[in-house]
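Trainee: Sequence annotations record features per position, and here TrEMBL assigns coiled coil to 1-35. What TrEMBL records for 42-361 is domain 'Kinesin motor'. Taken from TrEMBL, the feature ATP binding site covers 118, 119, 120, 121, 122, 123, 124, 125. Look at TrEMBL and you will find 372-417 tagged as region 'Disordered'. Summarising the annotation, TrEMBL assigns compositional bias 'Basic and acidic residues' to 377-396. If you look up TrEMBL, you'll see 401-417 marked as compositional bias 'Low complexity'.
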């Protein structure tokens, strides 16, 4: 009997040791994964060129997969380099494969933002949403939710319990609107606050996400409520920015470890010149609000790029809502979507220049608070730099290649990693 008891105790101790080693290995995996993402850049820019049947296409993607040229004439050729360039033949699967590691970062307790930028009709909504009923053409949002659900189920075998909930809002004329609340109107008042590094919007629904199907239902409800209107640029033009906010909380009961991450998936309103969009009256007001908020987004990236102490997050609802992702330890990936046809040359050039500005931003490792708790009462990464303050030495030195523009004569050389 004594021998049996001793054997049982030894086996129990061995089980506890293995569980401890597994938790330690998982923590090391999270740390290494984050280091890789930082080396690649906490702010990244991908370019995606929309397919076209037109013979007037003026955008060429280089075989290297990182550069693109816009040719307005034989004497006017501008080249840009980004972290990744997807040509017209790229698939939704190929695109998501490149961003899936940032979805993993959200599961690991980081604040992550993926957003699509470009003129109306350039493929932003296709990239973010796609066709949810088609496995091949579904976009980033349904694929990201599927990855989160699958990962949470896999981690359950390791003792982790994940809770996920989602909000879906639009910013229309600088007003936040809940797309998941029946009868929600533009008169509803929603304030934005940051609690423990997580964005909270007052009065909006947070609905549980326990399956891919549940998330798909939320997206369908939001799509039906979104503000759209016909313009000269597109028969159904989005007149607002939409943000799908997926809140992820993971807890390991045995160790007391806790992870709190957030994944923001943003479909920005179309960016184009007011004159060409044919906006008048209320549509003109919408266009001005859209362009102002996009300008504020550019100002934030410019301030981050310059290492300014004050970052103007509060100048627009969009930038204030996304603040935890845009600075400090946040992870941001921007898709610049391009229409390659000749009539869109000016809008495409503006989009590429804006993307080049964003791609110049380098965020340092140190600082921002990451909501990861190891053990009971022990919190990692406590330093908070959400105000945007950071020392020059904190800036990341490797892994970032800024976008460049060059003329046909080669006045500007390509930047190097």
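Indices start at 1 and increase along the chain as displayed.
Each Cβ is built from the backbone N, Cα and C atoms, and glycine gets one as well.
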Trainee: I'm checking region-level scores; what's the whole-number mean pLDDT for the coiled coil (1-35)?
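Mentor: Overall, the coiled coil (1-35) comes to a mean pLDDT of 69.
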Trainee: Within 10 Å of the Cβ of residue 118 (ATP binding site), how many other Cβ atoms can you find? Include all protein chains, please.
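Mentor: For residue 118 (ATP binding site), the 10 Å Cβ neighbour count is 30.
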Trainee: Let me spell it out: for each of the binding-site residues (119, 125), count the other Cβ atoms within 10 Å of that residue's Cβ, using every protein chain shown. Which one has the most?
Mentor: 119
Trainee: Using a 10 Å radius around each Cβ and counting other Cβ atoms from all shown chains, which of the binding-site residues 120, 122 yields the largest count?
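Mentor: Answer returned by the neighbour count: 122.
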Trainee: Using Cβ-Cβ distances, find the residues under 8 Å from residue 123 (ATP binding site) that belong to the same chain and are at least 6 apart in sequence, listing them in sequence order.
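Mentor: The list for residue 123 (ATP binding site) reads 48, 50, 337, 339, given in order along the sequence.
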